[in-house]
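Annotated features in TrEMBL:
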DOMAIN    1-102  domain 'FAD/NAD(P)-binding'
DOMAIN    121-228  domain 'Pyridine nucleotide-disulphide oxidoreductase dimerisation'
Amino acid sequence: MKRKGISFKLSAAVKQIKRSEDGLETIYSIKDKTESISSENVLLAIGRKLNSDSDWIKTLGLHIENGAVVVNDRMETNVDGVYAAGDIVGGKLLAHLAFMEGKTAAENALGINNVINYDAVPACVYTNPEIASVGISEEEAIKRGIMVKTGKFNLRNNGRALSLGEREGFVKIIADENNTIIGGQIMGHSASEIISEVTLAIALKAKADLLADMIHPHPSLSEAIWEACAEIAGRSIHK
């Protein structure tokens with residue numbers, strides 16, 4: 001992204017956005033140093049604030065923490081027979097997760113026993129190149145005291161990526177000391193599509209060895225997942 005002329009200002013706190021002769025001026029500070037940048041437009045993406053301060057929630061007596069309705073993995077609240085799903089329960093505010101939470105709540109209300117696996121929820125950023133992740137990162141795993149193994153494969157060495165002219169990106173797989181896959185990050189063409197293989201592996205508590213032994217079509221972008229898992233298993237071929 002830097003090679004495409006995109007610059008990043010990390011740990012910056014925006015103080016003000018005002019109109020200027022050039023369009024808009026964004027004033028921000030980094031480590032107590034004030035800086036500014038001019039642009040034609042500003043995309044404000046600061047997330048959403050939960051709105052649970054409603055009379056009906058208070059009347060029901062639902063348990064609230066940090067503005068979110070507290071539920072278990074069956075989407076049950078503290079009030080018998082009352083379920084909650086979607087953004088109102090907090091966590092990752094993703095449409096596909098909200099859908100599955102709603103489905104799980106409805107099924108449990110109908111007597112079908114089902115639970116949400118929050119360890120296997122993919123998240124995607126539809127930029128160019130795309131970014132996708134699932135499970136926990138290497139840093140988060142280390143914080144939890146997990147002994148981690150990682151495998152990484154660059155798409156510039158992937159035949160399908162080369163044929164598409166999309167050689168920027170990588171696949172990174174995180175596993176515990178037993179090679180059980182616990183996370184993955186992908187940056188590159190169709191990352192939002194191939195992340196599902198990693199999601200399934202986490203949901204099934206599969207080992208990297210299984211994916212390293214699974215035959216992937218050639219040429220395909222999914223081969224990068226195979227290569228990353230092979231590195232974790234100690235059987236990497238193409239680095």
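Heads up, the Cβ atoms here are built off N, Cα and C, so glycines get one too.
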Treating G and I as helix alongside H, and B as strand alongside E, what does DSSP give for the domain 'FAD/NAD(P)-binding' (1-102) in helix, strand and coil?
18 helix, 29 strand, 55 coil
Tally of DSSP helical, extended and coil residues in the domain 'Pyridine nucleotide-disulphide oxidoreductase dimerisation' (121-228):
40 helix, 33 strand, 35 coil
So what pLDDT does the domain 'FAD/NAD(P)-binding' (1-102) average out to?
90
